[in-house]
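K.L.:
Take this structure, written in structure tokens, and hold onto it; I'll ask about it next.
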Amino acid sequence: MSDPILNDKSEVDKDLAPIRAQIDAVDAQLLHLLNERAKLAQAVGHVKQKHAQPVFRPEREAFVLQKIAAQNPGPLPSHSLQTLWREVMSICRAMEEAVKVAYLGPAGTYTEQAMYKQFGHAIDAIDCTTVDDIFRTVEADGAAFGVVPIENSIEGAVNRTMDLLLASPLKICGEVSLAIRHSMLHKTGDMSGVTTIVAHPQALAQCYNWLKQHYPHIEQKPVSSNAQGAQMAAADPSVAAIASDIAGTKYALQTVAASIQDDANNRTRFIVLAKQLCGISPNDKTSIILATPNKAGAVYALLEPFARKGVSMLRFESRPARQKGWEYFFYIDFAGHIDEQHVREALAEIEANAAFYKCLGSYPVTS
Ligand SMILES: C=C(O[C@@H]1C=C(C(=O)O)C=C[C@H]1O)C(=O)O
């Protein structure tokens, strides 16, 4: 007697065979088209080389991603296609040259995730130990780009990044927003012998209530990155780390508890640093730093051209000024690009009246 399961299987195979043949044919077309695209990127690379132009053009990539969403006939969701296209562009870009990107390492940090989200994986990633190191590396041409955290939805601004932006000649040419989900990680998963929980101070703060509820008596120790904490936990079972599941997998740790951050909508925004300025994209924002004379109504008066010229402010942060004479530096993000007429006019007035003015750059908005 014939085996019904085997029979079924051959029935399934018979039904699948023609569809799989079509998939193979589509793959062959995709393969051809992807290589055609790569050859065009190579041709673009030659032109750029001739004119000494940068390989990575964030504004052009933003246009490509916008077109993908606008022309998408479905059923694939646009955001998935955009993720795919970022990788396609990354691979095509690498045909011109693999761009060097400095990030806050070691491997397994959220900054690494943000970097790959922005640049795709076909890059030359350089891990740095501090935010200062990233600025220095890009300033010294050790990398064309740097990715650093700038603000978290719970903890607010990353002060070191803010302070370095004030002094550095580097420009902002992109931003990345990432959902931050922390896990409690341990070598075996058995927390009974754990005496120390390590993480970046921001991660410890983002899990404050959860830690108080679950491990109130275990000492918390800040380290320079969550991935460094994960490395420590991998080497010592008396240490547990708070980091991403990606870091957990990278360092062969068990997840004791997932999504332990106090706010489910915990997000961090990262910026991309470079020496190059970014052209106009479909949707831009601009970052500036200002200081006003210390008198009543000065901030209001200084920013009035924004209202008059129809420029929308997106973010307003202040940092104490260390120099004498000014009380605060104001870090302002607003909608628009410095090459747009109304923005240029508003900024010219603001610059003329400010005690201090610095433009950090215009760059594509990303969600
Ligand atoms: C091909 C280019 O170079 C890079 C790759 C891009 C792509 O693959 O679409 C787009 C912008 C650049 O970062 C280009 O500038 O057009």
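Glycine residues also receive a Cβ, built from the backbone N, Cα and C atoms like all the rest.
Whatever TrEMBL says is automated annotation, not expert-curated.
Straight from TrEMBL, here's the annotation block:
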- 10-100: domain 'Chorismate mutase' (DOMAIN)
- 100-275: domain 'Prephenate dehydratase' (DOMAIN)
- T268: site 'Essential for prephenate dehydratase activity' (SITE)
- 287-364: domain 'ACT' (DOMAIN)
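Are these features on the surface or tucked inside, and what are their neighbours?
P.N.:
Of all Cβ atoms in the shown protein chains, 23 besides its own fall within 10 Å of the Cβ of T268 (site 'Essential for prephenate dehydratase activity').
Mapped onto DSSP classes, the domain 'ACT' (287-364) shows 24 helix, 30 strand, 24 coil.
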K.L.:
The domain 'ACT' (287-364): mean pLDDT?
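P.N.:
That region's mean pLDDT is 93.
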